[in-house]
Amino acid sequence: MYPSSSDDDKPLARNGNRTNGTAHKKNGIVLPETVSDSVDRQMDAEQMDIDVEDIPLASLVKDVSPAQSRGKRKARKPAIKAQESDEEVVPKGKRQKVTTNGKAKAVDDSDEDDIPLAKQRAAAPKRVTKTVVTTENYSTDSDELMVKKLTAEKHEIEKKAEETAKKLRAEDAQKKKNVAPAAAAKRKIMKKEPESDSDLPIKAKRVAKKTNGVKKEESDDEPLFKKPAAKRAAPKKTTASVKGEEQKPAAKTKGGKTKEEESPQEEEEGEDDDEFKWWEMEKNDGSTKWKTLEHNGVVFPPPYEPLPVNVKLKYDGVPVTLPLEAEEVAGFFGAMLHNSPVNTENPRFVANFFKDFQDITRSKGGAKNVAGKKVDIKTFEKCDFEDIWNYYEQKRIDKKNMSQADKKALKAERDSLEEPYLYCYLDGRKEKVGNFRIEPPGLFRGRGEHPKTGMFKTRVQPEQVTINIGKGAKIPEPPEGHKWAAVVHDPTVTWLATWKENINGNIKYVMLAATSSLKGMSDFAKFEKARELKKHIDKIRKDYEKELRDRLMEVRQRATAMYLIDRFALRAGNEKGEEEADTVGCCSLRFEHVTLELPNKVTFDFLGKDSIRYVNTVAVDAQVFKNLKIFKKEPKRDGDKLFDRLTTGDLNKHLQSYMPGLSAKVFRTYNASWTMQQELAKLDNTGTVAEKQVQYNAANRAVAILCNHQRSVTKGHETSMERTENRLKGMKYQKMRLKKMMLALEPKLKKNDPEFFAADPDIDEEWIKEHQEWLVQQEREKIEKKFKKENEKLVAEGEKELKASMLKERLKESDELSKKFKQENKTGKVEPGKGATVEKLENNVKKLEERIQALEVQMRDKEDNKTVALGTSKLNYIDPRLTVMFCKKFDVPLERVFPKTLREKFKWAIESADENWEF
């Protein structure tokens, strides 16, 4: 075991420190502007102060080539850390260094670059700097095997990425060369024949806009396409029509021609999200998102319904009457008393709730007892919420037990109230609105260890809400007696309404649904930006690897941060205020979040996005380890920033020098999509659909592991697996009965094929009897449920209910089934049904075997993925066109890998990608 570099570098858990450390000091320690020679030498010396037997010989001997050493040491393969994305890093063991005569020679990675720039002499001993990334976080064998698999393939993937980047840049350069003469030739023709409209260099002009080889993209939310000029149509007859509304642009056909424009009536009748294929339109400059916009505003939650007079909070055993505002807050806590112990038993949640509850109670007049005297509620432990809990629990039970007719009526009433808010009209197109409901009041829960969990989230009033709508459109009416905070007409944004919530001061928005054209454009822009990064990734990596040794502290910190973001998919992170949750990212890491252990192990332990704790131990490049030691050097202590000369803004500004619109978050999307493409390319197009789906999930899991999309095993996992196991056994039992039916028709079959008719070892007599009892019970419940539905329907139609005697008569069927099973167990024979033949039964056995095989594959897949969240990368980071390509190429139904919500969200990908599409 290597000795720890310092006491401060011991794992935080062993030091007894809090997980997320101390709050950030605004005026913390700032390191010198440059890295001095003495600091560099000191860190080199400390890094070499370990057992000689534990490090490669090449790291201890200066200028000794592998051929001169005592024996060839097998090159260490890089092991990929669980959450590392597939970064295509240029192998660092042998890089090309340009000499003074312009020729390149192979040099070891830890050569003179590691020496202070002032005096490059007395070089530090060479050390192996090949990246080694490991994981210690995954307990399941499948995850460990996946990491080993990715480790073995890492070099090949990196090399492929570098080759791809060079190839793309070469293609871009060639296109630029071809554009210039073509444009010149067309200009010459224009001068000769100016009267010919067909000679205008439209295409040449369009290409010329991309002379830098990079798409200009200001942000992820900018629409990529501009509508072509369309004839103006008469305004549609809607509840709030917009004057001068444009007609929907004609959709392009495969031949490039446009379909005939529909009449306004036909257009309105056939109007649908799917008809507007924005991905086939011309690119927009991004300055405006829409020209016309009309909608009906937002839906506010219903007013508070007071508790019955006999339902009270008890304080010190005495019922108290609370002001309605305080009663509502007490009701929120009481309603979750026993069904959400993760909150009601959380000391921080309770403390925050009780403080707000006390403040509201006192500000609204205080609590009173039965005699009308004031009661000062001082202690939470004396509060009894049981009566409130019982009241709301009974309401939940009553709602659950409502008849189907009542449930339908309630739903119809709710749908009728919300129907006007479901859609808006954007540039004349009917688009679905996403979250048109204003968030209701309640107790803030947050995620992870949020410091404000339990605080009261106040009711939003119309006076807090700003409406964004098109000029000339009818402004939605606010609730009676209220007014909007403001009404704006801003076509450069995509939100319909906005307000500020009171807990974290976050701005909330009403946006279009995920299936809308604007959301689709935003997703498309995000993935196209990641595709553009392919052309620059090799240059970016070479640059930051070189800058890891830069003399300037700011540059060295930036390079180290880029390494961590690129290699380990860390989020960039932003500064947080005193009242905000203490969550961090790479640039905002503090002293206590990083633990170092020689020779190159780094442990990260901090609260990341949504206050989810991130704990991971990885092995890093030797120079990165050295830099982190410098950044943690005394006099730094807990609370001091690790990257004290770097901000997220500085980092993103630097990245944009490589590519317009590039930011740290693009690396996660790029790495996830690139890795997915490489993994899918290795799959065999053989086997059943279920087996192909498992292969897809394995590729998805590789991405999730590299991006560190972990999850704890759910509480219901074991129960779910047991239930599936019983279902599997049930299929095998059914198969056994079919085979016994075959033998009942032809007893000689067993002699001809004894293996086919052999008993299944997975099901024994005891289990069979239990399963039969379960089948009988299921049959009884099915009969009872059907009987109940029939009665509900009769009552709704005003007719008499069926008599209980009829139910009793029907239940005899389940009794007959029970007798049948007992007879089968006694004789060992199963009587076939009418019309059964050996051929039919054998065919049914084959179908069952296919279903059994598919379920077994699903079970293995579910077990393998129990600690990995596949959905996160599939929804946010993997280009959906890769999934579409896989499904079309491997003949897998898209619904097997994309649920309905994703199929609607990524319709643009489904229609634009084929089986040969590449990221």
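Count begins at 1; order follows the chain as displayed.
Cβ coordinates come from backbone N, Cα and C, glycine included.
Annotated region 'Disordered' per TrEMBL: 1-36 (among others), in sequence order.
Residues or ranges marked as region 'Disordered' by TrEMBL: 55-127 (among others).
Marked as compositional bias 'Basic residues' by TrEMBL: 70-79 (among others).
Secondary structure of the compositional bias 'Basic and acidic residues' (164-175) per DSSP, as helix, strand and coil residue counts: 12 helix, 0 strand, 0 coil. Feature annotation from TrEMBL assigns compositional bias 'Basic and acidic residues' to 164-175.
Feature annotation from TrEMBL assigns region 'Disordered' to 164-277 (among others).
The compositional bias 'Basic residues' annotation in TrEMBL covers 203-213 (among others).
For 263-275, the entry in TrEMBL reads compositional bias 'Acidic residues'.
What TrEMBL records for 443-891 is domain 'DNA topoisomerase I eukaryotic-type'. Taken as a whole, the domain 'DNA topoisomerase I eukaryotic-type' (443-891) shows an average pLDDT of 89 in this prediction.
Long-range contacts of the coiled coil (838-865) within the same chain: residues 140, 142-143, 688, 690-691, 693-694, 697-698, 701, 720-721, 724-725, 727-728, 731-732, 734-735, 738-739, 741-742, 745-746, 749, 832, each at least 6 residues beyond the stretch ends and with a Cβ under 8 Å from a Cβ of the stretch. Under the heading coiled coil, TrEMBL lists 838-865.
In this structure, Tyr877 (active site, O-(3'-phospho-DNA)-tyrosine intermediate) belongs to neither helix nor strand by DSSP; it is coil. Counting Cβ atoms from all protein chains shown, Tyr877 (active site, O-(3'-phospho-DNA)-tyrosine intermediate) has 25 others lying within 10 Å of its own Cβ. Residues or ranges marked as active site, O-(3'-phospho-DNA)-tyrosine intermediate by TrEMBL: Tyr877.
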